[in-house]
Every structure is written in C-alpha cells, then in structure tokens.
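Q: Dropping a structure here in structure tokens format, bear with me for questions.
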Amino acid sequence: MKSLVLGLLVGSAIASGPLQHVLHAPPDPEPKPEPEPQVVKDPFEELRDTFDRLRNKAGDIWDDVMDNIPNIMSNMRPLTIPAKKFTRRPDSEWTHIVRGADLEALWVDDESGYKHRKIDGKLSQYDLRIKAVDPSDLGIDKVKQYSGYLDDNANDKHLFFWFFESRNDPFGDPVVLWLNGGPGCSSLTGMFFELGPASIDENITANYNPYSWNSNSSIIFLDQPVNVGYSYSSQAVSDTVTAAKDVYALLTLFFTQFRQYSAQDFHIAGESYAGHYIPVFASEILHHNNTNINLQSVLIGNGLTDPLSQYPFYRPMACGDGGYPSVLDSQSCQSMDNALPRCLSMIKSCYDIESTFTCLPASIYCNNALIGPYQKTGRNPYDVRTNCTGNDLCYPQLNYITEYLNKPHVMRSLGVEVDSYESCNMDINRNFLFHGDWMKPYHRLVPSLLARIPVLIYAGDADFICNWLGNKAWTEALEYPGHAKFAEAPMENLTMINSQGKNEVFGEVKSHSNLTFMRIFKAGHMTPFDSPQASLEFANSWLSGEWSEV
C-alpha cells in the first residue's frame with residue numbers, strides 16, 4: 001500500500017499548484033507596470049510541505065485517540081502471527097496437482113495471429129493440490145467433494161478449500177465461492193453454521209441441512225487469508241488487496257482442473273468483512289481479459305463496505321430505531337451521538353489518504369465510541385434480540401464445529417496438514433486492524449463492478465454489527481450512473497411459500513441498474529442461520545438471474 005499512498009501524496013502536491021488561465025486582452029489596454037519577478041517554488045519543496053501537512057493531520061488524529069482512549073497503547077499487541085504447526089503430505093496422497101507454471105507457459109494465437117497468454121495473471125509460483133473426498137467417510141453429503149490446498153511456493157502460503165457439487169444439476173448449476181469475514185474467520189464456520197450441506201450438533205455429529213445452498217449450486221468454501229482455519233503460512237497477510245491475488249490463483253487453477261465447471265456461471269458470496277473482500281476479489285478477476293473464471297455476480301450479506309456511510313447507523317440500531325427495542329439507555333445513546341462527528345471526520349481522513357496513520361486511529365476511536373457501548377451490555381452484537389452466550393462469538397454451536405474439525409479422522413479424510421483448527425484467528429483480525437484495512441473505502445470499487453455484473457447487498461435486520469440501516473444507506477449513497485433511480489426506488493415485498501404451504505413475506509427488496517438491496521426480516525448477522533428457508537429462496541432467485549440487468 002506504500003506505493004498507493006505515495007501516489008496520492010504526489011498527486012496532492014501537483015494539484016496544489018496554481019492553474020493558468022489564458023484570457024483575451026481587452027481593447028486599448030492601459031500600459032502595464034513591469035511585473036514583479038516570479039518566484040518558482042521547488043516542486044520537491046511543495047512535496048515536503050504536503051508531507052508536513054499530512055503528518056500534522058495524522059498527529060492531530062492520534063492526539064484525539066490518545067485523549068479519548070488513553071489506555072489504547074497498552075492493549076496493542078505485536079503484529080507477528082505465530083506460525084502454525086503442520087505436516088506436509090507427500091504428493092502421492094493427492095488426487096490431482098495443478099501447476100501454475102504449466103498454465104502460465106500456455107500461449108495461444110488470437111484472430112489476428114498475435115500470440116498471448118491463454119490465462120492472464122502471475123501463476124508460476126502457485127500449485128493446487130486436490131484430494132477427492134469420499135462422501136461416505138464423513139457423511140456430510142452424498143455429492144462429489146474435493147478438498148485441498150493452494151500453495152504459494154514463493155511466499156510459503158497454503159490456503160485450504162472444500163468443494164461440494166450441487167445436489168441438483170452439477171453440470172448446469174452455477175458455482176459459488178463462499179467467504180466468511182472476521183477478518184480471520186474460517187469459511188468452514190459458514191459451511192456448518194449457516195448454508196452448507198450439514199450442521200454439527202452438541203453430540204459433535206453431522207446433521208443433513210435441507211436448506212443448504214448447494215441444493216442448486218456447487219460451492220467452494222475457502223479458508224482465507226492464510227492462517228485462518230486449516231490454512232497456514234510462515235507469512236502474514238494484513239490487507240484485503242494482498243489476499244485477492246491468492247484467490248484469483250486458486251480459482252484459475254481449480255477451473256483448469258475441473259473444466260466442466262469453468263463454463264458455468266460463477267458467483268462470489270460472503271458476509272461481514274467479506275464486504276471488504278468481495279469488491280476487491282471481483283475487481284481482481286474482472287481486471288484480467290483472458291481468464292477461465294466466468295464471474296456473473298457478487299452477493300454480500302451484512303457486510304462492512306463503506307464505513308463512512310455505515311457508522312452513523314450504530315446509534316439508531318442500538319437505540320430503538322432499527323425495528324427492535326433499544327438496547328442502550330438514553331445516556332449511552334447521547335454519548336454515541338456526541339462521538340459521531342469526530343468519528344466521521346477521522347473516517348474521511350482515512351478515505352482521503354488511505355494510510356495506516358489515518359485509518360488505524362479512525363478504527364480505534366470509532367469502534368470504541370460507537371460499538372463499545374453496545375458490547376458492554378452483554379447483548380449479542382450479531383443479533384439484538386438475544387444475549388451473548390457460549391463463547392466470544394456468542395453461539396455455542398461454533399464450539400461444536402471447532403471440536404468436530406479438530407477430530408483426527410476428519411482432518412485425515414480432508415488431507416489437512418495443520419495440527420489444529422480454530423474458527424477465528426484473532427491475531428489476523430488485529431493485524432488487518434493495525435494496518436488500517438478496516439476503514440478503507442473499498443466501496444469505491446463497486447461502481448466499476450456494476451458496469452459489468454449485478455451486485456446484491458442483503459442484510460438480516462436484527463444484526464447490530466453490520467446492520468441493515470447502514471447497508472441500505474451506503475447503497476443509496478453510492479455514486480454510480482444509476483444512483484438517483486436506485487435511491488428513489490421503493491422497497492417491495494419478498495415472498496415465499498413457507499414450510500406450512502402458506503405465502504409468507506420474509507423481507508423487502510429494491511433494485512435498479514444492477515444494484516439490489518434486500519432487508520431480511522427476523523434474521524441476524526448470519527442470515528442463513530436464522531432464516532435458512534428464506535435465505536435459500538433469495539439465493540436461488542438471485543443465482544437464476546432475477547434482478548439482473550446486464
């Protein structure tokens with residue numbers, strides 16, 4: 001990110017110079033006095049002045065943080081992430097191995113006779129090791145399954161994935177990449193807790209999920225960035241842009257091995273911090289002209305995408321204006337109101353400069369001032385209707401999942417190479433935060449996506465942490481050609497035939513110019529967990545092309 005920041009600073013210095021206007025001379029001009037000698041300022045001096053102004057601005061922001069949260073430095077921990085213990089499995093244990101170097105070496109002729117790479121991207125450092133998983137071994141689902149690792153051999157990074165074919169028509173149904181957020185939480189959590197083929201009960205037993213999203217699509221569950229879930233590395237990833245290169249490589253090598261899926265529609269879906277990931281990952285894919293990834297849309301659930309538009313809605317959601325009773329007392333609500341202007345000023349500084357020195361203070365101050373009061377109540381930040389129980393993530397089911405995925409038999413069946421599994425790696429969470437990634441304006445990538453593919457933003461309306469009010473606000477504020485018509489579009493009912501055979505309104509939707517927003521009633525942060533039938537209903541409708549305009 002240093003080169004990006006430097007580019008912005010240099011741009012600021014150049015833009016600060018005076019503009020020259022050429023005017024027609026008036027008739028019969030008066031004699032002009034001799035001009036004063038013009039002092040031409042050294043451009044490097046202008047650049048130094050710009051750095052000084054930015055340094056002073058960053059210093060003021062840090063002073064604000066230290067004044068308001070004086071113990072913050074004592075809570076900071078080193079950014080190093082302990083390496084996981086692992087045992088590399090021999091190549092003979094893998095069903096397929098795809099070499100990125102082999103793919104990068106392929107050249108083809110275009111219609112004009114010019115040679116170009118068959119597949120774009122720097123792939124030579126990557127391999128994909130794939131294991132065919134015996135469906136009867138774990139009893140998760142009867143469909144064809146694959147697991148394995150993407151290896152970045154140049155940087156000692158190894159990303160784990162688990163793939164399930166569609167229960168319906170695997171050679172006709174779309175393929176979906178699912179990403180959990182955090183940052184630092186395993187997508188296997190989403191698989192077993194929300195939308196995958198099975199859940200894990202208190203007896204640490206797998207139970208069939210009739211509302212799995214692989215009912216009508218094939219799904220790749222990916223543990224990313226490295227050191228999340230079953231993934232591992234001696235290196236650390238601390239920002240979303242770096243992670244995008246790995247995801248592009250994995251998908252490219254996967255579709256190279258499984259050509260039967262590469263012609264089918266492909267979609268990226270995820271929740272929470274995937275509101276950061278998905279715009280970047282989709283942009284990385286669409287950046288390449290010669291690719292075997294047939295990206296058709298993206299879906300972001302209860303995401304964090306545009307903090308400047310979303311953070312003003314923490315107070316309304318916590319204080320009774322989001323459709324549920326207030327969680328906080330009037331004094332706490334007023335405190336959040338008082339803190340908001342300073343918070344927004346800090347986020348704007350982050351947006352303007354996009355450096356750690358402005359984005360990190362914004363994260364620290366705003367999260368303490370606007371999320372902290374809610375967390376102190378003991379209520380579930382992922383569902384305002386409940387208290388937080390079971391563990392730090394408020395759901396005891398996550399403990400069952402962790403215990404299941406640490407079983408030696410499970411790890412052996414999947415070809416896992418690490419010694420243990422954890423659902424969320426808080427060191428990674430802290431690393432992204434301390435590198436300023438949390439507050440960065442990744443929503444600015446969405447307009448270019450909308451020019452090529454549909455984008456769905458959905459939100460369970462009982463979530464606090466990435467609430468529906470904020471998600472609706474940022475979509476309505478997004479600057480793109482369809483902005484005005486989307487903002488004024490009315491909300492319409494979402495309906496389905498429920499399990500009792502009755503017509504049920506489960507949410508509301510607005511859509512225009514490839515952008516769609518959905519509010520899902522009576523669902524929290526993990527929408528498919530709270531509303532499994534409704535989630536499958538809107539997912540199937542979306543993947544089949546409803547609300548798409550491109």
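Placed from the backbone N, Cα and C atoms, the Cβ positions cover glycine too.
Per Swiss-Prot, the feature signal peptide maps to 1-18. Per Swiss-Prot, the feature region 'Disordered' maps to 20-39. Under the heading disulfide bond, Swiss-Prot lists C185-C424, C319-C333, C343-C366, C350-C359, C388-C394, citing similarity to another entry as support. According to Swiss-Prot, the feature N-linked glycosylation site maps to N203, N216, N289, N387, N493, N514. The active site annotation in Swiss-Prot covers S272, D463, H525, and the record cites sequence analysis as its basis.
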Q: Tell me the Cβ contacts of C359 (disulfide bond) under 8 Å, same chain only and six or more apart in sequence, or just say none.
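A: Listed in sequence order: C350, I353, G436, D437, W438, M439, K440.
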Q: What is the separation, in Å, between the Cα atoms of N289 (N-linked glycosylation site) and N514 (N-linked glycosylation site)?
A: 21
Q: Measuring CB to CB from H525 (active site), give everything in the same chain under 8 Å that is also at least six residues away in sequence.
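A: Residues satisfying the criterion: E271, S272, N302, P381, Y382, D383, G460, D463, F464, I465, C466.
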Q: Which of the three DSSP states, helix, strand or coil, fits N493 (N-linked glycosylation site)?
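A: Note: N493 (N-linked glycosylation site) is in a strand by DSSP.
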Q: Going by C-alpha distance, which of the recorded positions C319, C394, N493 is nearest to N203 (N-linked glycosylation site)?
A: C394
Q: Are any of C185, C333, C366, N514 (the recorded positions) within 10 Å of C394 (disulfide bond) when you go C-alpha to C-alpha, and if so which?
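A: Near C394 (disulfide bond) by Cα: none of them.
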Q: Is C185 (disulfide bond) helix, strand or coil when read with DSSP?
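A: Reduced to three states, the DSSP call for C185 (disulfide bond) is strand.
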Q: Can you tell which of the disulfide-bonded residues (C343, C394) has the fewest other C-beta atoms within 10 angstroms of its C-beta?
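A: With the disulfide-bonded residues C343, C394, fewest surrounding Cβ atoms within 10 Å: C394.
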Q: In whole Å, note down how far the CA of C333 (disulfide bond) lies from the CA of N514 (N-linked glycosylation site).
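A: So the alpha carbons of N514 (N-linked glycosylation site) and C333 (disulfide bond) sit roughly 36 Å from each other.
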Q: I'm trying to understand the geometry here, so how far is the Cα atom of N493 (N-linked glycosylation site) from the Cα atom of C319 (disulfide bond), in Å to the nearest whole number?
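A: About 26 Å separates the two Cα atoms.
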